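Summarising the annotation, TrEMBL assigns region 'Disordered' to 1-33. Among the features that TrEMBL reports, transmembrane segment is placed at 40-64, 76-99, 108-130, 150-172, 193-214, 220-239, 342-372, 384-402, 466-488, 508-528.
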Amino acid sequence: MVAGDLRGLPAGRGQQLRRASQTPRPDQGPPRKSRKKLQVIICVLLVELCERFTFFGIVCNMILFCTVKLGYNNYLAATVNLSFIGASTLTPVLVGWFAETCLGRTKVLYLCAFLHFFGTAMLPVVAFPFEDFYIDTHHMTHQLEPREQQILFYTGLLAAALGIGGIRAILCPMGAYSLQGYNQHQLLAFFNWFYWLVNLNSTVVFLGIAYIQQSVAKNLAFLIPFISVLLALIAIHMMRNKLTYKPKKGGSLLTTLGVFLNSLRMCCLHYRHLSGDVTSWLDRAKENNGGRYSETHVENVKVLAKLFPLYGLQLLYRACITQIPSGYYIQTMNSNLHLNDLLLPIGAMNVISILPLLLLAPLFECVASCYLSTGKTPLAPAKLITLGHICAALSVLLAGLSELQRKSYPLVEQTLSGKVLQVSSMPCFQLAPQYVLLGLAEALVTPACSLISFQLTPSHIRGISLHFLTLSYGGGCLLGAFIVQLVYFISGGNFYPNTLHDGNLERFFFLLATLMALNTVVFWSVSYRYMDLSVQGKALTISPLAEKLLHYKASLRFYDTVDHASIESIL
């Protein structure tokens with residue numbers, strides 16, 4: 001009946017009524033959209049929880065596994081652990097670039113999910129003693145050869161690192177959070193609470209998995225990453241297209257690197273007859289100065305270059321922070337872990353370093369609110385970073401002093417993962433102050449660095465700025481591994497010994513504290529650049545016509561036939 005009435009009307013009127021009849025009711029649209037948004041939020045939170053749980057589950061007791069089960073020396077176990085952490089930190093940037101430029105985000109997501117699954121499936125194969133669950137009819141145990149065990153171990157770690165990078169880059173990037181239009185106080189509050197949630201998850205993982213690995217079922221906890229990645233795959237399957245986040249266009253890491261290389265090339269080859277005098281050496285990469293890149297690209301890189309001292313000075317700081325899963329972990333492993341009749345998991349000491357972050361985030365929020373309500377200005381983020389660097393230097397210094405004290409205690413026997421070790425009788429809780437200082441440093445530095453990187457760059461290149469900050473974090477982990485290797489070989493194993501009572505691990509900590517103190521002084525001398533965050537970085541935007549005129553100007557300048565006044569008056 002309705003269709004017949006519509007056919008009887010004029011064509012234009014009938015089409016209007018059809019469109020009106022197909023339009024959803026206003027009261028049905030928003031609830032459905034809200035439900036979809038809620039599903040996306042739940043899936044993102046589930047995926048992020050599983051991914052963090054997987055990562056910390058692998059890192060939690062890797063040094064104990066490498067030293068007790070694989071027979072590695074302390075320096076080699078620390079190097080493997082730090083390299084895995086650094087690779088897992090760097091791969092989100094690299095895999096994100098690969099997804100954008102080569103294979104596509106959807107294909108890379110499925111590939112990384114498979115690699116994550118494969119890597120976490122390899123680790124239980126390495127971790128389990130085969131005689132615990134498989135003895136054939138002839139009562140002969142089946143055990144992997146050491147070489148095969150190491151091949152599977154490193155293959156699993158590499159695949160897991162690549163998988164973690166893909167999941168972080170595509171499903172849980174920092175750009176997925178809507179941060180445009182927020183003021184400095186709101187942004188700092190967001191970063192404080194964001195890292196608070198991350199560290200709350202870390203607390204649960206360190207307490208649970210460390211205890212299972214060390215005391216209850218030895219290597220059984222390597223199955224936990226495998227189960228966790230299954231949950232992540234379920235979340236990906238639930239909302240395949242809804243979970244992916246498309247970042248804004250505005251340049252890339254390759255473009256930024258290309259501007260630097262082209263500027264260096266122009267300076268080295270002395271093409272000054274093409275470009276003349278420039279205000280900055282990066283300007284030589286501009287097309288109108290004989291370079292290969294547009295005015296907009298070069299100006300964006302100049303904005304980012306102001307943040308490079310900040311990124312570079314985070315490398316050594318991050319190397320100090322990585323002492324928690326390496327040097328401090330070895331110290332704790334060689335201390336008395338008994339509390340009455342209970343053997344504490346080594347990961348429990350990591351929780352002590354996380355407690356300052358859990359307690360200080362709400363405290364900082366309250367203090368900042370009080371300052372703003374009274375009209376006062378809270379501490380600048382650059383000052384918070386300086387204080388954090390001081391805390392990191394003091395923590396490593398205190399670790400050296402604690403090592404001297406630890407060696408003065410008599411040796412006792414302690415069983416870890418089925419192996420009897422000779423350890424110091426000093427209670428492990430006496431190492432707590434150095435953990436607390438590093439946790440305090442993290443609470444001060446990490447949110448402030450994210451705020452500066454976000455606030456001092458234009459909106460369309462903030463993703464690149466955060467990528468460079470991530471690269472500095474990953475590079476710091478790899479720098480820590482390099483320092484361990486370098487110190488070990490230069491000292492002949494004395495500064496990073498396999499048996500702590502026979503060496504001088506405290507000298508390694510004193511060396512690192514000295515380097516961190518120098519790093520703090522250098523950052524303090526350049527921190528004035530990051531004091532004023534009220535004026536955000538503004539990149540140059542230029543019309544296509546002006547770009548073509550600048551390129552035309554560069555071409556004429558090559559033949560020395562340009563009328564400078566006329567061209568510049570046009571521009």
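We number each residue from 1, going along the chain as drawn.
Positions of Cβ are set from backbone N, Cα and C atoms, glycine also.
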Looking only at residues six or more beyond either end of the transmembrane segment (76-99), which have a C-beta under 8 A from one in the stretch? 55, 58-59, 62-63, 66-67, 70, 105, 108-109, 112, 157-158, 160-162, 164-166, 168-170, 173, 247, 252-254, 322, 325-327, 329-330, 467, 470-471, 473-478, 480-481, 484-485, 496
Under 8 Å for C-beta pairs, could you tell me which stretch among 40-64, 342-372, 466-488, 508-528 has the largest tally with the transmembrane segment (150-172)? 40-64
Given the cut-off of 8 Å on Cβ pairs that are 6 or more apart in sequence, determine whether the transmembrane segment (40-64) and the transmembrane segment (384-402) share at least 3 such pairs. no
